[in-house]
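Enquirer: As listed in TrEMBL for this protein:
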| type | residues | note |
| --- | --- | --- |
| COMPBIAS | 123-133 | compositional bias 'Acidic residues' |
| DOMAIN | 1-61 | domain 'SH3' |
| DOMAIN | 249-359 | domain 'PX' |
| REGION | 85-196 | region 'Disordered' |
Amino acid sequence: MALRARALYDFRSENPGEISLREHEVLSLCSEQDIEGWLEGVNSRGDRGLFPASYVQVIRAPAADPPPPARYANVPVGGFEPLPPPAAFKPAAQQPPPEPFPAPPAGYPFPPYGGSYQPSQGSDDDWDDDWDDSSTVADEPGALGSSYPDYEATGGAPGRYRLSTRSEPSLGSRGGGHPPGHPHPPGGGGAAKSSATVSRNLNRFSTFVKSGGEAFVLGEASGFVKDGDKLCVVLGPRGPEWQENPYPFQCSIEDPTKQTKFKGMKSYIAYKLVPSHTGQQVHRRYKHFDWLYGRLAEKFPVISVPHLPEKQATGRFEEDFISKRRKGLAWWMDHMCSHPVLAQCDAFQHFLTCPSTDEKAWKQGKRKAEKDEMVGANFFLTISVPTGPGASLDLQEVESQVDGFKAFTKKMDESALQLNHTANEFARKQVTGFKKEYQKVGHSFKCLSQAFELDQQAFSAGLNQAIAFTAEAYDAIGDLFADQPRQDLDPVMDLLAIYQGHLANFPDIIHVQKGALTKVKESKRHVEEGKMELQKAEGIQERCNIISFATLAEINHFHKIRVRDFKSQMQHFLQQQILFFQKVTQKLEEALHKYDSV
């Protein structure tokens, strides 16, 4: 007896992996077991995929062909409570399924919200040593579903608080049985108001979805937040700001040295880090920086994690490249230590303080960071925002501020690219063209002095020497021009590089905030049309406020460090320019004085 079902309503597929249904159409089922309110089967047109279980009625009829095997037949029934459903039935961009079918429900061995950052693995720093063993989070015992805390085991732990944005079953929840983002079957009558829901984004690979922002705004986040995980936003003179780090510190990066392993078969560069709050030096390779960046970029979707200097496949041990990378890493470290949230992150502190020789402690801290539960939608649970009178945000004003910042970053990015190109071209001219031209002038003066020396008159000897000294002065000035970009233009370009990374981050940050605002507008429209309860819409707006507070706090922090950095760097640039031209002037004055005795 083949399993079949009859469609009770029309259903139009909107996402990959779904199939459309026509009323009264008979379908072949792969399994009678539904997966979070979805069934898998084949429609009368031969299309195979998922469709809402509530849209069909299962029937049994004899058939010659056996039913196709169910793709998700091994998913346990009732084994997912009380965990919330994932943000979508779509796979992460980094882990696409063999065929374009939606991902299984929460608890199945895939990340619940979006894909994780994969560190680059070029030839610059391979991951082939015992610093990082072959095990991953999924390999650890009990790792399946590890994105959620153990409710019973940790429920009474001190300093931990269960936070949830879930209130009541909605479409797509375990109690509703209807697919998220699709309408309730027709004929609901008076139940329309209580069953309405805000639709999900059709693009399941957008930053808003992958970051967990959509799941959080729609009320699907639930987890335990420890006191140490709380990220506080406060109201400052410029608006929302991240609460300052009560114990600020800096960290120097010094003495890059070439080291070897495997009896000299593999070489790498190690950098000495000295955090000011510990005073204990540790050594880290570039791959350690790369791993840390990946964890932070995945954990903090509304924070601009500074970019690392780019990798390089060849010339990694050349002095100029090592020096340039160290300067780039120094800027990166400065921005990390200056950020109130990033500086206090457990993964960053582990990176700074774990002894270089304690391999076991490093691996334990590394795995702990990789099993962090406060990622995806749960990350937003850790954000604490101001409450009380005067602490609410006007969403229209927030939208205006974010739009203004978006225009600002676009213009700044264009200007930074132009300045970087101009500075690079000018530096090239100084190193090659200017040096060559000044030394050509010096050579010409030298030829003149050599010609004058053919005159054996004693009274012309002083003139010949003065002209020869002038030639040497111009030759030295050429060397000054060639060396000068290291003193003034290169630091400017290093600064532009770190800010171009920030500017590349903000479109995604803004996208998360814009996505939250869109859900608020949609919920308000549902309330006006009488399709949604006011309480549910207020919950969506409250969660949107949290994202807005965090976004504005990050914008304010960006402006704060931007003013600090560019003020300092422009002062340094002009000071170096003044010193440079003073050196040039000194050379010319020395040459001039040689003619006084002629």
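Count begins at 1; order follows the chain as displayed.
For all residues, glycine too, the Cβ spot is worked out from N, Cα and C.
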Enquirer: Kindly state the mean pLDDT of the domain 'PX' (249-359) in the predicted structure.
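Expert: In the predicted model, the domain 'PX' (249-359) has a mean pLDDT of 89.
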Enquirer: As a quick check of your reading of DSSP, tell me how many residues in the domain 'PX' (249-359) are helical, how many are strand and how many are coil.
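Expert: The counts are 46 helix, 25 strand, 40 coil.
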Enquirer: Go ahead and report the DSSP secondary structure tallies for the domain 'SH3' (1-61): helix first, then strand, then coil.
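Expert: Counting residues per DSSP class in the domain 'SH3' (1-61), I get 3 helix, 30 strand, 28 coil.
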